[in-house]
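Positions annotated as disulfide bond by Swiss-Prot: Cys34-Cys100, Cys40-Cys163, Cys98-Cys161, Cys100-Cys163, Cys224-Cys256, Cys251-Cys279. Annotation source Swiss-Prot lists domain 'LysM 1' at 110-157, citing sequence analysis. Residues or ranges marked as N-linked glycosylation site by Swiss-Prot on the basis of sequence analysis: Asn37, Asn165, Asn241, Asn288, Asn299, Asn310. The feature GPI-anchor amidated alanine is assigned by Swiss-Prot to Ala391, with sequence analysis given as support. The region 'Disordered' annotation in Swiss-Prot covers 356-376.
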Amino acid sequence: MKIPEKPIFLIFVSLILASSLTFTATAKSTIEPCSSNDTCNALLGYTLYTDLKVSEVASLFQVDPISILLANAIDISYPDVENHILPSKLFLKIPITCSCVDGIRKSVSTHYKTRPSDNLGSIADSVYGGLVSAEQIQEANSVNDPSLLDVGTSLVIPLPCACFNGTDNSLPAVYLSYVVKEIDTLVGIARRYSTTITDLMNVNAMGAPDVSSGDILAVPLSACASKFPRYASDFGLIVPNGSYALAAGHCVQCSCALGSRNLYCEPASLAVSCSSMQCRNSNLMLGNITVQQTSAGCNVTTCDYNGIANGTILTMLTRSLQPRCPGPQQFAPLLAPPDTVPRDVMYAPAPSPDFDGPGSIASSPRSSMLPGGGILPGNPANGPAGSISTASASSVSYFFITFLISIASFSLALSS
């Protein structure tokens with residue numbers, strides 16, 4: 001009796017399935033445990049998957065478009081800047097609020113409404129640039145069958161973030177969630193963001209200085225911290241070096257100059273209705289500084305922003321005697337809204353000197369299209385450490401394997 005042969009197509013599918021299972025990579029991300037309900041300012045490193053208006057990028061993450069521009073030191077004085085079209089492949093820092101959810105730090109304030117031809121893999125890998133995996137979206141939304149995704153479904157997009165008490169080596173810091181690209185090395189990432197290999201390894205609980213495409217690192221950016229009273233609604237405001245941030249309902253703009261630790265706030269240029277910004281018992285307005293040279297030194301008087309409470313802008317008059325009078329206030333340079341992405345930013349890896357061990361210090365940074373963090377002084381020690389979690393590096397592979405299993409099962413049924 002002749003033994004039925006297996007269909008050649010079934011054998012082909014089995015081989016592809018085996019190879020897919022063998023070579024599916026595993027991406028790592030840093031998890032920060034938490035037990036309180038406090039929040040912090042954090043950043044997402046996001047690369048545009050297509051040309052998008054500033055307002056469209058803001059809609060993807062449900063954040064203020066002006067805040068995105070200021071976080072990247074882009075000049076907001078240009079006409080109709082919120083509708084400026086940003087080029088595909090542009091890297092942006094997206095400001096978000098990092099919360100404590102189910103015992104770990106993450107942001108769950110982003111929702112995405114599905115469109116025709118969407119699947120969890122394309123949403124994770126393309127729309128959100130690998131900041132989340134298909135499996136994480138599936139779990140967050142209790143999706144039983146990923147292949148049955150109705151158009152118009154609102155999905156929670158759990159995004160990675162870290163707080164680590166807003167410090168790095170006891171200095172103010174904001175943490176950027178950065179998706180590693182194929183061209184990246186840990187040394188190059190450290191150099192780009194003005195930190196050290198040791199610091200990155202400590203923060204991300206890494207045993208070796210090895211990274212793979214799709215890994216998500218928590219990168220500490222040097223920052224300027226506020227000292228607002230706890231009752232202020234913007235208590236804990238912290239701004240990374242080279243960036244700006246809005247406060248008090250678009251009334252106040254705060255900045256952190258490159259290499260600085262001093263937060264400077266002044267009235268914002270936006271046309272909004274604001275409460276008084278004059279300091280009590282003086283004729284100084286928010287952001288004003290007066291100096292008077294004396295034989296004992298320089299008397300400096302400043303009208304500082306002290307947060308907002310119940311809709312009232314809080315100001316504080318500060319007087320100090322300094323050895324010498326300060327120079328003009330320094331600001332991070334503002335960039336014109338970008339229309340193109342330089343080729344070297346799109347394709348060139350971050351500068352990568354030879355690695356001499358975990359204690360190596362990355363040399364002075366070279367800025368990319370948009371400014372990174374400022375310079376962290378000295379060698380880090382005992383930095384914050386998260387834990388490592390793993391997830392499928394390719395959501396597309398996840399659904400491709402599911403598809404192949406279905407085909408294989410169907411072929412078996414036909415051959416039986």
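One-based numbering along the chain as shown.
Cβ atoms here come from the backbone N, Cα and C positions, even for glycine.
Values in this document were obtained by computation on a predicted structure and should not be read as measured data.
DSSP assigns Cys161 (disulfide bond) to coil in the three-state reduction, outside any helix or strand. Looking only at the glycosylation sites Asn165, Asn241, Asn299, Asn310, the densest Cβ neighbourhood within 10 Å occurs at Asn241. Comparing CA positions across the recorded positions Cys40, Cys100, Cys256, Cys279, Asn310, the one lying closest to Asn165 (N-linked glycosylation site) turns out to be Cys40. Proximity to Cys100 (disulfide bond), defined by a C-alpha to C-alpha distance within 10 angstroms, is shown by none of the recorded positions Cys251, Cys279, Asn288, Asn299, Asn310. The C-beta environment of Cys40 (disulfide bond), restricted to residues of the same chain at least 6 apart in sequence and closer than 8 Å, consists of Thr97, Cys98, Cys163, Gly166, Gly236, Ile238. Just so you know, the Cβ of Cys100 (disulfide bond) picks up 18 other Cβ atoms within 10 Å once every protein chain is counted. Look at the glycosylation sites Asn37, Asn288 and count other Cβ atoms within 10 Å of each Cβ; Asn37 has the fewest. Residue with the densest Cβ environment among the disulfide-bonded residues Cys34, Cys161, Cys224, Cys251, Cys279: Cys161, by other Cβ atoms within 10 Å. It is Cys98, among the disulfide-bonded residues Cys98, Cys256, whose Cβ has the fewest other Cβ atoms within 10 Å in the structure shown.
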